Amino acid sequence: MNQLLPLPVVVPLLGAALTLILVNRPRLQRAVSVVALGTNLVVAVLLLVRAHRDGPVVTEVGGWPAPVGIVLVADQLAALMLVVSSAVTLCVLVYSIGQGRAETSESAPVSIYHPTYLVLTAGICNAFLAGDLFNLFVGFEILLAASFVLITLGGTEARLRTGSTYVVVGILSSMIFLAGVGLVYAATGTLNLAQLAGRLDALPDGVRLALQLMLLLAFGIKAAVFPLSAWLPDSYPTAPAPVTAVFAGLLTKVGVYAIIRTETLLFPGGQVANLLMVVAGLTMVVGVLGAVAQSDMKRLFSFTLVSHIGYMIFGVALSTTAALSGAIFYVVHHITIQTTLFLVAGLVEERAGSTDLRRLGGLARVTPLLAVLFFVPAMNLAGIPPFSGFLGKVGLLQAGVAQGGPLPWVLVVAGTATSLLTLYAASRVWNIAFWRAPQLATAEPVTRLPGLMVGATTALVVLGLALTVAAGPLFQVTADAATDLRLRTPYVRAVLPGGPP
Amino acid sequence: MRDGGVGPTLVLVIAVGVLTATGVTLLLERSLTRILLGVILFGNGVNLLILVGGRSGGAPVVGAGPDEEMSDPLPQAMVLTAIVITFGLTAFLAAVAYRSWYLGGDDEVQDDVEDQQIVALAARNEVANADLGGEGPGDDPEQVDPEPPQRPRRSGGTR
């Protein structure tokens, strides 16, 4: 079973090499990509089952024992992230294949798309599984380099304009991360996360706080937490729809994952809890106010993306078991829903020629199926009761109320207001684009939407609904994961069975 | 590099500081070429910082000398990886700068669309209003008169 652990990194990389060779054979290229990501999903599910039953799965990659060699670790949090990200990347891949086959728009992916996409997946998986800080950095770099290529795909003027901002911000954040890694090593003499857990505790408070803030800054840029989030709504919307969808769903969540991991394993004790709470509240409110003011679907969803990162940071800031459990559940929910919404925006663009609300109307009458595909995840995002968005928010808000105190209460109020404003923004899109008299931005004759695109989007909508139905068992897994995170010992003991040297 | 003392030499620390400071200053520029130079300087500063973090000494090969006089090999390994990564990112940024110059005639990072729209609105002294368009059933004959629809439009299937 432990031999399975490197597969989520190795298989996509191997697939990337194969698809690069097969550039001139598109059918085979697509088949290889789908098989690689399908394998990933199966492996991820097996790892989650194993991690849930028997505790963290650990592999020493080079055969050297833990503090010296590099380890890959899949505890419940990492395995859960792996499952969701594999499912989402697979669906988005199928969607992009459908888009490529239809060849109806200029935004159809070019042949370099498949290798790059697989490298991106490998980077994401590596970041989730990394058992030491430098490997986490390498994972970030793999996904970042791939994302640079994807966001400037085709090299048009608009994509370069937004892409250059994204590239510079990405490079800056990795430099800060790298400097943080160097300083952590200088202070402790190790980068193994399990060993760091003990050694960082022994450091003087000031040094520890400085290291923590440095890493938080780097991850905060990647996760698009409020003062560091301005790059996101500008750079995401111009990329091709599947690229935007996978970026929105996964890249920021990798940052959130890194924050959860470092805040619980390396720097517990809540030294920066108040700072995180203030930042979380501002992220929610500022993000959703931005969404309310937008007139383009993709930009609007980019702002809700930023806004809802705040909920997860709120959970990390509270750092009780219930709050962490809620935050992890919210990450899972948000990856699925946000990706779905961007895919739907892509379908709207495909069908109506634009995502600009000022040029759209009456889509519900023109394409009822598309209207359903938009309505369900939009209401889910806004947190309407039966859906998983509601359950995640309730979990977090309950944890906030249980904590008590002025700041958590302010955050609970801000969270509720954000939820309502998200509902307002979502229903505004619904009213303007899907009701009213039909008005499309394209004069082209009506064609059927490609079946694969609709199928992949439907699959993600269904996955979002499944999160609601399976919320009970899922909350059990996240609660277990949160307990393990709070205890720290399961992780440390799995990596260093003989105790830290 | 150091005379068996407890910390790194001052020269290296100052070099890290100078490289990082100049790098950050250049990063604040608008032109992508200057940003590129800034990234290079900043990246080298950070790489040097990692190197400074480890113990210096003789070659870290077993048998080459007493164990306690060996340098720490781990930062050196990390720096090699980091140099490769920085090099790759720099190359990509150079490509973006070139492409940007090729397409637009200069390599300045422009204001984003939102900023431009807000500036234009402010110049005309208007308020943004996204919720345009005919609301209400009066504008929409089909909404008042729910006749059975002819055929669903999306089943046309003409390519």
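Glycine residues also receive a Cβ, built from the backbone N, Cα and C atoms like all the rest.
Unlike curated records, TrEMBL annotations are generated automatically.
What you see is a predicted model, and the numbers here were worked out from it, not measured in a lab.
In TrEMBL this protein carries:
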TRANSMEM  A:6-24  transmembrane segment
TRANSMEM  A:69-98  transmembrane segment
DOMAIN    A:130-421  domain 'NADH:quinone oxidoreductase/Mrp antiporter transmembrane'
TRANSMEM  A:136-154  transmembrane segment
TRANSMEM  A:166-187  transmembrane segment
TRANSMEM  A:207-232  transmembrane segment
TRANSMEM  A:239-260  transmembrane segment
TRANSMEM  A:272-293  transmembrane segment
TRANSMEM  A:300-321  transmembrane segment
TRANSMEM  A:327-348  transmembrane segment
TRANSMEM  A:369-387  transmembrane segment
TRANSMEM  A:407-430  transmembrane segment
TRANSMEM  A:451-475  transmembrane segment
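Residues 274, 277-278, 280-281, 284-285, 287-289, 291-292, 294, 297, 300, 304, 307-308, 310-311, 314, 317-318, 357, 374-375, 378-379, 381-384, 393, 396-397, 400-401 of the same chain sit 6 or more residues outside the transmembrane segment (A:407-430) yet have a Cβ under 8 Å from a Cβ within it. Take the transmembrane segment (A:166-187) and the stretches A:69-98, A:207-232, A:327-348: counting Cβ pairs under 8 Å, A:207-232 has the most. For the transmembrane segment (A:451-475), the partner stretch with the most Cβ pairs below 8 Å, chosen from A:207-232, A:300-321, A:369-387, is A:369-387.
Same-chain residues lying 6 or more positions outside the transmembrane segment (A:300-321) and placing a CB less than 8 Å from one of its CB atoms are 223-226, 229, 232-233, 236-237, 248, 252, 256, 259-260, 263-264, 268, 270, 273-274, 276-277, 279-288, 290-291, 294, 327-328, 330-331, 334, 338, 341-342, 345, 381, 392-393, 396, 399-400, 402-403, 408, 411, 414-415, 418, 422, 425-426, 429, 479, 482-483, 486. Counting only same-chain residues 6+ beyond the ends of the transmembrane segment (A:239-260), those with a CB under 8 A from a CB of the stretch are 77-78, 81, 85, 88-89, 92-93, 95-96, 99, 107-109, 117, 120, 124, 127-128, 136, 139-140, 143, 147, 150-151, 153, 159, 162, 215-216, 219-224, 232, 298, 301-302, 305, 309, 312-313, 316, 324, 327-328, 331, 334-336, 338-340, 342-343, 345-347, 349-350, 485.
Taking Cβ pairs closer than 8 Å, the transmembrane segment (A:207-232) reaches residues 140, 165-166, 169, 172-174, 176-177, 179-180, 183-184, 187, 200, 251-256, 258-259, 262-263, 266-267, 271-272, 279-280, 282-283, 286-287, 302, 305-306, 309-310, 313 in its own chain, all 6 or more past its ends.
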